[in-house]
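**Q** A single structure is presented below for examination.
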């Protein structure tokens, strides 16, 4: 039996579960109850409630355990595991921005084989199974068309110029400077999952993520690949749950951005 024949019914079940979670997502917009600090990040009561609801429903319906952003779960390299971000773009969500989403990926032995991204405030619901196509609101989409970096929008992760870590702020500024010399159409949406699904949908021509959280990436990686795009880390290695960054785009744009990144030097030099 082909993998897609196993996965497609799971995606159908998961879609109904995310539809059911949408009401709670909408009610909590502009939520201001930060319940836990995680560096500069936080969760709201709505994050926790959505994760509890979706996890319980997924396990009951599919028999597959869930690794969630807020409560964790089984290892992401398990035979089968759902990976959930109940609200991607939590700061946007709490501030009242519509750029927030529910992200759900299905991993098989650590490989994203399905992705679902729900954007309740603007209506799009995206799904895909490995091999494609991308499906938007129930309608199959054409494969991604390739393009030139100079002609497309590029999503870039948000940051502080004074931040440290694996990708210091000064390195990220260097990335922006180099990219802007080729494309003046850089965008910061404050949601990795939205950046990735926008690449899959052809809204963005590329996206750079300086983060390594699997729940931010699993769904979008599946969607981009299903649409015909490429997703690697910033060094050009295929994205895996252990990756600490991501670069997504159609093949030509991906290669052009990767060449620019290679010209900047190593992050630790900054």
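Each residue, glycine too, has its Cβ placed from N, Cα and C.
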**Q** Which one, 201, 216, 233, is listed by Swiss-Prot in the same Mg(2+) 2 site as 85, 88?
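**A** The candidate from 201, 216, 233 that Swiss-Prot ties to Mg(2+) 2 along with 85, 88 is 216.
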**Q** According to Swiss-Prot, 85, 87 bind Mg(2+) 1; which one of 65, 69 is listed for that same site?
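**A** Within the candidate list, Swiss-Prot flags 69.
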**Q** Using Cβ-Cβ distances, find the residues under 8 Å from residue 187 (substrate binding site) that belong to the same chain and are at least 6 apart in sequence, listing them in sequence order.
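**A** Residues satisfying the criterion: 153, 154, 155, 156, 204.
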**Q** Counting only residues 6+ away in sequence within the same chain, which have a CB under 8 Å from the CB of residue 87 (substrate binding site)?
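**A** Those within reach of residue 87 (substrate binding site), by Cβ under 8 Å and sequence separation of 6 or more, are 25, 44, 46, 47, 50, 93, 100, 101, 102.
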**Q** If I take the alpha carbons of residue 69 (substrate binding site) and residue 85 (Mg(2+) 1 binding site), what is the distance between them in whole Å?
**A** 5
**Q** Can you tell me how far the Cα of residue 85 (Mg(2+) 1 binding site) sits from the Cα of residue 216 (substrate binding site), in Å?
**A** 7
